[in-house]
């Protein structure tokens, strides 16, 4: 009887200890920090949500295409100075910034590699939606996103080969060319239909654009929320990655705008290049790291793409809010100036009429 009681107490104590630990099926267990294997339910849910989001994103890009004029778009292709500046920002500034941030914060090699993968990714489609809301050049925005996604097939391996040599073998990083191809198709096909609709039915294209811009803004937030729910892994990661995830997108926006301005681009194109530089394809980054690293390595940097995604969205919303305030103030000031000028003109006209005996020339009418 005493042996039975001791056995029961031992089982109860073990159960209490295990209740605060990771589940038995955890792939990684370090205290309460766990990475669980993907079960069928979550895998099915992920596929369903990914399909729905892909369809919604295609519809949004179709609406964005309705704001693109074929002549202007083709003009950017024939005279690709803006696209070239965006190329320098995307595959010059961003990988170099990722490399320097990894050195400055002295992160672990596997963490440095994931930061570099993020820096080498092409621009995300969310930048097209934000570019519309800040009155950017939509023709340039879409052409930049298309070209960066296409060029990523060659530039990503090259940049990773150059910058990751001191930390790891670049051959160990698996690049999902099928995912890049799908992203490219999901961008080009709906945008092409949108350009055609804008060319044939401009009035209908404006209505589609207004609806799509609102849906696009909602979709950006929805993708961030869904990503946070579906991410498998612990949020207890190195504080250094949190800091880098905050600084990195801000640096991308700032340096992209600065380089575009130095290159002589107009203000609305500078805003466009800035957004295309700072907003990365975080879904592609997540796919690459899941294909390339072991579960033990994933624990060290699994949620970095989501951290970057959150802060790139927050800074984009700050840019949007700041631009809207500036625009409202500028329009108000411009209106006040015009009213003042009208009053001064009316005063000068009346005084001129008095001097000339009430005669008003045709030029002042």
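Including glycine, each Cβ sits where the backbone N, Cα and C put it.
Please treat TrEMBL annotations as automatic predictions, because they have not gone through curation.
Residues or ranges marked as compositional bias 'Basic and acidic residues' by TrEMBL: 334-347. What TrEMBL records for 334-365 is region 'Disordered'. Under the heading transmembrane segment, TrEMBL lists 45-63, 83-105, 112-134, 140-163, 175-195, 207-229, 241-260, 306-326.
Against the transmembrane segment (140-163), stretch 112-134 has more CB pairs under 8 A than any other of 83-105, 112-134, 241-260, 306-326. Fewer than three CB pairs closer than 8 A are found between the transmembrane segment (175-195) and the transmembrane segment (241-260), and contact between the two stretches is not assigned (pairs 6 or more residues apart). It is 83-105 that, among the stretches 83-105, 241-260, 306-326, forms the most Cβ pairs under 8 Å with the transmembrane segment (112-134). Counting only same-chain residues 6+ beyond the ends of the transmembrane segment (83-105), those with a CB under 8 A from a CB of the stretch are 76-77, 111-112, 115-116, 118-120, 122-123, 140, 143-144, 147-148, 151, 155, 159, 162-163, 167, 240, 243-244, 247-248, 251-252, 255-256, 259-260, 263, 265, 273, 276-277, 280. Using a Cβ-Cβ cut-off under 8 Å and counting only residues 6 or more beyond its ends in the same chain, the transmembrane segment (241-260) has close neighbours at 85-86, 88-89, 93-94, 97-98, 101-102, 105, 107, 111, 115, 118-119, 269-280, 301, 304, 307-308, 310-312, 315-316, 319.
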